[in-house]
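Novice: Shown below is the structure under consideration.
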Amino acid sequence: MPEITVRAKSKTYPVYINEFALEDVREKWTESLAKFSHVFVLTDEHVAELHKAKLDAVLADLPVVTYYVAPNGEEAKTFRVYEDVMTKLIETGLDRKAVLIAFGGGVIGDLGGFVAATYMRGIPFYQVPTTVLAHDSAVGGKVAINHPLGKNMIGNFYQPEAVIYDTQFFATLPEREMRSGFAEMIKHALISDQTLLRALMDTFTEPKDFYTKDLTPFLQRGIEIKANIVAQDETEQGVRAYLNFGHTFGHALEAYGNFGKWLHGEAITYGMIYALTMSETIYGLDFDLAEFKTWLKQLGYDTTFDATVPFNKILENMRHDKKTTFNEISMVLLEEIGKPVIFKAEDDLIFETYKRVMRNGGNGI
C-alpha cells in the first residue's frame, strides 16, 4: 500500500492511502489503539449515516469506543460544538491515555485535531479522512475552529499519529464536494509543478472524471508536496504560507458567506483566479488564465464574480487573515507556475484587482 512519511519538526508519521486503506492497516492499527484507555470517535451526521458501519467493523474488537456525531458542514467548527464535544469527553471520563479518531472531511479533521490538542493539554489522535478536500487538511497538523469574524482563527499546530486515507469513501461524495476537494489539488499543482497542472487538465475534463478516473496518484503527489513544505516549515513562519495560495481572498469570501454559502474549495477557486490576476499585474505571470477558466467551467466550477459582493466587506475580512501583519495584507502570488512568493499588497492594488476580476466575469457568485 502506498505510504507517505510526513517529517514535521514535532513528529514523524505515516500517511496510508489506497482504496482499502482501513482494511489494509486494520491489524496493525487496532493493536496500537488497544494500548489506549479509551477510543473516542468524532464524526458528523452525514459520515455516520453512510460509513459508521465500516469503521465499526474495524474497531469491533476494542473494548471501549465512544462516538460523538457533530452537525454537518462548517457549523461543526463553532465554539458551541467545540464546547459540547469537550463536555462529552469529560462526562465520558476520558483520561490522558485516551485517543481520538477524526472520521470525516476537513471540518471534522480540523475540529477533532483542535479538540485533541486542547483536551487535558493534548491527547493523541488519528486522521481518517473521507473526502478529497481532506487530502490537504488532514496532513500537516493545522487544527482549528472558526470565529464569526474569520475562518480558522482559533487553532494550533498539532500533528496526528497517522493519517489513514481510504479512497473508497469517495464513491458517496456528491459532485459538488468532489469539485471542492479537487480545488486543493489544483492549488498544489499551481504552486509547485507545471507538469502536474497539465496532467490534471489533460486527465480531468468533465465532472464524471472525478468518479471514473484514478485520483489516487494525484492525491499522493499533492500530499507529497505538502509534506515536503511542512518538513521545512511546520508552523508557517516561511514557506508553508505558500500553501495558502488562493486562500486570502477565498477565506474572506467564505466569511462573507457565513461559512455556508460557498464550500471551501469553491471559495478557494475564486481566490486562485483573484491571485492569478494579481500575479499577472505584479509579476507579468505568463499563464493562459482564459484557458484555465474554461477548463474549470468544463469541470462545473462557477468562475464568474458577483458585483453585488461588497468590496469593503471582503477587504475587512482579508485584514483578519492570519498572514496579515502590521495591518498589511499578505498575498501568495506566482512569479511563474511552481514559483510562489509572498507579496504585501496595498489596498489600492487589492481594489484594482477586484475590479479587474469583476470586469472579466461578473454576476456569478
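From the backbone N, Cα and C atoms, a Cβ is placed for every residue, glycine too.
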Novice: Please identify which of Lys97, Lys142 is recorded by Swiss-Prot as part of the NAD(+) site containing Gly106, Val107, Ile108, Gly109, Asp110, Thr130, Thr131, Lys151, Phe169, Phe170, Ala171, Thr172.
Specialist: Lys142
Novice: Of the candidates Glu184, Glu206, Glu316, Glu328, which one does Swiss-Prot list alongside His247, His264 as binding Zn(2+)?
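Specialist: It is Glu184, as the record lists it for that site.
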Novice: Work out how many Å separate Thr172 (NAD(+) binding site) and His264 (Zn(2+) binding site) at their Cα atoms, rounded off.
Specialist: 19
Novice: Just jot down the residues in the same chain as Asp110 (NAD(+) binding site), at least 6 apart in sequence, with C-beta under 8 A of its C-beta; none if empty.
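Specialist: Listed in sequence order: Lys77, Ser137, Lys142, Val143, Ala144, Ile145, Asn152, Gly155.
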Novice: Just to confirm: which same-chain residues, 6+ apart in sequence, have a Cβ under 8 Å from the Cβ of His264 (Zn(2+) binding site)?
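Specialist: In sequence order, the residues whose Cβ lies under 8 Å from that of His264 (Zn(2+) binding site) (at least 6 apart) are Gly106, Leu133, Ser180, Ala183, Gly250, Glu254.
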Novice: What's the number of neighbouring CB atoms sitting within 10 A of the CB on Thr172 (NAD(+) binding site)?
Specialist: 14
Novice: Which residues, same chain and not among Glu184, His247, His264, have a CB within 8 angstroms of the centroid of the CB atoms at the recorded Zn(2+) site?
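Specialist: Going along the sequence, the neighbours come out as Leu133, Asp136, Ala183, Lys187, Gly246, Gly250, Gly265, Ala267, Ile268, Gly271.
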Novice: Quick check: in three-state DSSP terms, what is Lys151 (NAD(+) binding site)?
Specialist: strand
Novice: Measuring CA to CA, name the entry from the binding-site residues Ile108, Thr131, Lys151, Phe170 that ends up nearest His247 (Zn(2+) binding site).
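Specialist: Nearest in space to His247 (Zn(2+) binding site), counting only the binding-site residues, is Lys151.
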